[in-house]
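**Student:** To start, I am sharing the structure in question, which I have written as structure tokens.
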Amino acid sequence: MVEDLQRNLTWPAFMMDSWGKNTDGILSGNKYNGLYDECVTAASPDSTIKGKYCRIHPSRLGNLDVEATFAHQQLPLGRAPGKLDFSLVREWAQKPRMTIFPEMEYGTCMPNVCTKEELQDSLAQYLVPTGVFPAVIFCEEQDTDLQFTDGDIGFVSLATFLLVLIGCASLVDIYLHFSSSDYLAKGALRYLLVFSAYTNLSKMFQVNLKANPRNITCLHAMRTLSMTWVIWCHQSNIPFPNTANILQVFQKFESILGQTLLNGYPSVDTFFFLSGLLLSYSVLKETKRTRSFNIFLFYSHRILRIVPAIGIMCGFQATVMRFFLSGPLSYVWNMSWQTSCAKNWWKDVTFVNNFIPDGGSCLPQTWYIAADMQMYLVAPLIILPLYFYEDIGKAWLLLLTALSAIIPAAIIYDKDLPPTTLISIDLSLYQKYFNLVYLPPWTRASPWLAGVWVGYIFFKQGNTRYKMSPLVVTVGWTLAAITGLLVVFGMYSYNHFISPTPYELMSCLTYGGLHRLAWGAALSWLVFACHNGYGGVVNGFLSHPVWQPISRLTYATYLVAFPVQYFLFYNSRDVYYFTHINTIISTVGAVVIAIGGALLLSLMAESPIVGLEKILLRPNHGSSPRKPAVQENVEPHVPTNGVSNPAFMTENIITTEKTLEASKTVTAL
């Protein structure tokens, strides 16, 4: 290598050039990633020596004396121009592990004939005497040979089988459609036709231009906008470990716009609210129609809709997703996320990941599905009394609503926790609040119960419309707007990194106990007013037909969005510079890609399950897929929506014969 460098060959220069070097903005948290692709593509003319990219973590950098700062220059690695100046970042390296700041790392390039252990020994030889105990986190070189595990083969086989099935079903469906051989679709072929992308896509993208007064049309936009809000919040924090301007991030978070990211948790509460509303309304309508309650269908329906999609996404992340990742950050996925996914996928498919947060899970976002499923399990005990024992049921629901505000406040008081997940350098406090207050269903039930109240009111209301005076409408909208703004921005003075306002006990307990219920109350008015004709421009915007197709994909999008954001982050070569504009742009990209992935997931795991469920469990609704005609007045049963819970489904909730189907999904964010 040295000889080739002296002969003016370029490949050794490429290796040295790719090392992480001093850069601008070190004091603001900039990183030394180096240039990954330049390193791994560098090779000697005969390819006997190739570049190997390594990440190094100087774990005890803070103990370095100023005189020892450049001791690493005695290493071969340290003789290149632009050497890493440890003295500039000593504060970063000494931070405890449970901190909001990412650990300091830098990248270097070694010949592939050198091993990770040799690099570790070389670094330790010169740095340990100075008080630095460096760790070579990982080394990686360009690998053209894919190594498939049994899990990889199993997932690829399953995905291939489903895609072939979808293709065959689509071809048969198209043939039947144009040949008018309807009678064939009523036989054994109906089991195949449920996989038809031709029919299922037409249902997903069907738009009902005529408003049906029986449908709660404003829910389409509420789902879509809340889903976008969730992705936006995730997009603001996923790139954080590789952000170039970490210190400026906290300053930007302290703006009004930043508070919608720091305190964006009401986006999830919106889905809890929608879940409770649609579930209570559909159960009450179905119970009235049949004068009974089929507990087997109630639970089997939900499990069949939710589990297949989660299983496919868990399988993808635990196996082949690593083949789509490369770069200086991909090791984090391979060493952490994929390993955790392979070990803890069972938490997601059994809906216990919010009870067992330690050790991680495969799809972290499915904590919401778990919490919602746990509420779904006890829903009959809460909703059925409203029909069979109305007065007792209302008193019971009122008691539960009060307890849903008291319980989180009591936990916050007993454990000395903040009112919500305020920004803090101490991640241990954040984790404690997260485990005790954020994840359990008994502390998240307030908006869900508010939705149950609204569903009950709509059930009693039937096809009539409430009449309200202009004064009542004005007061209602004013109070709802003020309440919503207070929930989102009420912690503004406390949610500061540099000089937060110390919160008082009463304000802490009041906000901590009531803010989710208050958000549910604000949404209750919004939906009630819009449904009864007092929404004005708000209802015109929320009820526009353009929201319908995306709304039907919210559950699948919820499952796909996180992996998409991981993919974008762990494939990045350079550091991320945080600005609100950059975050918005990257969020739009993540949403578009996630919707594309959601279409595929829905075709593989949602739409077919809906069709099979109708055939096997609901023979009266099991007619085979037919020509995709666009209906104007009837809200179709769309498989992709109900997959997980009413929060993600279409408003099938008004059609008396299909109300239980509408209870399909109440779960997803």
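Along the chain as shown, the residues are counted starting at 1.
Even glycines carry a Cβ here, placed using N, Cα and C.
As listed in TrEMBL for this protein:
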- 2-122: domain 'Nose resistant-to-fluoxetine protein N-terminal' (DOMAIN)
- 218-602: domain 'Acyltransferase 3' (DOMAIN)
- 153-176: transmembrane segment (TRANSMEM)
- 264-284: transmembrane segment (TRANSMEM)
- 304-325: transmembrane segment (TRANSMEM)
- 367-388: transmembrane segment (TRANSMEM)
- 395-413: transmembrane segment (TRANSMEM)
- 433-459: transmembrane segment (TRANSMEM)
- 471-494: transmembrane segment (TRANSMEM)
- 514-534: transmembrane segment (TRANSMEM)
- 555-572: transmembrane segment (TRANSMEM)
- 584-605: transmembrane segment (TRANSMEM)
**Student:** Would you kindly check 153-176, 304-325, 471-494 and say which stretch has the most C-beta pairs under 8 angstroms to the transmembrane segment (584-605)?
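**Tutor:** By Cβ pairs under 8 Å, 304-325 leads among 153-176, 304-325, 471-494.
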**Student:** With pairs fewer than 6 apart in sequence excluded, do the transmembrane segment (304-325) and the transmembrane segment (514-534) have three or more C-beta pairs that lie under 8 Å?
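**Tutor:** Between the transmembrane segment (514-534) and the transmembrane segment (304-325), contact is absent.
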**Student:** Could you name the stretch, out of 304-325, 395-413, 433-459, with the greatest number of CB pairs under 8 A to the transmembrane segment (555-572)?
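**Tutor:** Out of the listed stretches, 304-325 contacts the transmembrane segment (555-572) most.
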**Student:** Take the transmembrane segment (395-413) and find every residue of the same chain, 6 or more past its ends, with a Cβ under 8 Å from one of its Cβ atoms.
**Tutor:** 382, 385-386, 419, 436-437, 442-443, 445-446, 449-450, 452-453, 456, 505, 508-510, 512-514, 516-517
**Student:** When the pLDDT values for the domain 'Nose resistant-to-fluoxetine protein N-terminal' (2-122) are averaged, what is the result?
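**Tutor:** Mean pLDDT across the domain 'Nose resistant-to-fluoxetine protein N-terminal' (2-122) comes out at 61.
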